[in-house]
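Worksheet: one structure, shown below.
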Amino acid sequence: MSSVLYDIPGPKAKRRNLLFSVVFLVLLGLLAWWAIDLMGDKDQWVWAKWKPFITAEPWTTYLLPALANTLKAAGLSMVIALPLGALLGIARLSDHRWVRIPVGAVVEFFRAIPVLIMMVFASAFYVQSTDISSDDRPMYAVITGLVLYNASVLAEIVRAGILSLPKGQTEAAKAIGLRKGQTMRTILLPQAVTAMLPAIVSQLVVILKDTALGGAVLNFTELLNSRGTIAGYYGNPIQTFAVIAVIYVLLNFTLTTFASWLEKRLRRGKRSTGAVLGAGAVEDVAGAGAGTAGIPAAKVRGSFSDGSGGTV
Amino acid sequence: MFDFLEGYDLLGAFWTTVQLTVFSGIIALVWGTILAGMRVSPVPLMRGFGTAYVNVVRNIPLTVIIVFCSLGLAEIFGITLGAPNDFKLQGFRLAVLGLSAYTAAFVCEALRSGINTVPIGQAEAARAIGLNFRQVLTLVVLPQAFRSVVGPLANVLIALTKNTTVAAAIGVAEAGLLMKEIVETEAQLYATAAIIALGFVILTLPTGLFLGWIGKRVAVKR
């Protein structure tokens, strides 16, 4: 692979790179050896501790139901947060100041607060004001917290998606006599949704990861929470950590890869206006606060992707 | 109205939040920069390691990482980071370890996209006058890249501030854990939530505004 940062290696550079590779490999090897040795010291390589995971029992009794809960919470949160976010995002672009400013304040507020705070609040709120049974409460609280936070993040994504469309689209719609609502509904939104798809899929990864908070703090029986039960039953905490980490990585890596595939495909496509809100837009937006308030994420992102140094 | 807060160390909890943010932020910035350097280096093995680290760490929930630091590293492997008996300090250090390992992946990605904004001509000109990879990176590309990623890095910092609440999962006495304690014992749910929320708005909003302003000032005009 060539790069603009360095010349194509000649004989001397090749030797030097090989030397660096060897040194780095030795360092990595030492680290791995230390870790493996430590595992051995604490009797973590004993087959009995790994064996349960090749039998069906831990999967059918604990892991799969827990995974189902994780996916259920994440899926429901996304399904509820998406329309809410779209509404907030469009309201924030309103021509009326009395709509735009309060909605902007609400969105910025919820982006500035940790999800955990919202989950804890939701849980306590359900205890005080509703009679949801204590079995269902963690799930309700987790979804409420995730919806409040992600609706405001998605609002920003929707806003950025609409702002990323070329101005000519609105102008042409005005020229043929469409009203504001018609322009939004028939011209801007359909294109913006396509542009936003990669960012929305990436947000799903964020939601999925955040469900683990509910497991640790509210005792919601999702994947991370099932870890304690399994480790307690089979006496293998480290091995269980390894298994659930692998599940999370596989799940999220698939979603991330899908998002970037989608982004590439949409960028190549000739039918759209070429506006695409990349996967990275989510991180720019998810940072919250007033960091990029006023600068649409698409613009921040745009400078990264169409920047001239693409080959680095 | 706020009498019920007597007996709770509100300022102390937010001070812990700030400390977690600052320590993890500094470590993550250094480690993330090294990772970004690896990801663009001419040595394939380093590139591979950087990519693997970012892809794995970014896809594991922070909660899993932090809980592992406490239950795995400390309890089973006896890695107590120099505080085997002081559980408060130990929890704090383990939380910093988890937070910085996680945040470094995001710092790395922000920096890497910053490197992409530096025009090819800059690196080509640097190579043309005979600079080697290290010189191209440290003298020409990274200084410009850092200036263009102040905004994205500010967002990472704000996300880190909010993420410190995850340390509540291993019992570090920061704002999130305090809120949980208060709402479980006191009746004033709305007042408590308002105060904690206000605390986070006070922490994150000025950071965002200030760094956003700095970012606009230092950005390379092209």
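Using the three backbone atoms N, Cα and C, a Cβ is placed for every residue, glycine included.
The annotation transmembrane segment is assigned in TrEMBL to A:18-36 (among others).
Residues or ranges marked as domain 'ABC transmembrane type-1' in TrEMBL: A:67-259.
Taken from TrEMBL, the feature transmembrane segment applies to A:73-91 (among others).
Non-local neighbours of the transmembrane segment (A:103-127) in the same chain are 88, 91-92, 94, 137-138, 140-142, 144-146, 148-149, 151-153, 155-156, 210, 213-214, 217-218, 286, 288-290, 293; each lies 6+ residues outside the stretch with a CB under 8 Å from one of its CB atoms. Per TrEMBL, transmembrane segment is recorded for A:103-127 (among others).
According to TrEMBL, the transmembrane segment annotation covers A:139-165 (among others).
Among the features that TrEMBL reports, transmembrane segment is placed at A:186-208 (among others).
Remote same-chain partners of the transmembrane segment (A:241-262), defined as residues 6 or more beyond its termini with a Cβ less than 8 Å from a stretch Cβ, comprise 53, 63, 67, 197-199, 201-202, 204-205, 208-209, 212, 223-224, 226-227, 279. According to TrEMBL, the transmembrane segment annotation covers A:241-262 (among others).
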- Near the transmembrane segment (A:186-208) in space but 6 or more residues beyond its ends, with Cβ under 8 Å, are 70-71, 74, 77-78, 81-82, 86, 90, 146, 150, 153-154, 157-158, 160-162, 164-165, 169-170, 172-173, 178, 248, 251-252, 255-256, 258-260, 262-263, 266, 272-273, 275-283, 285-286
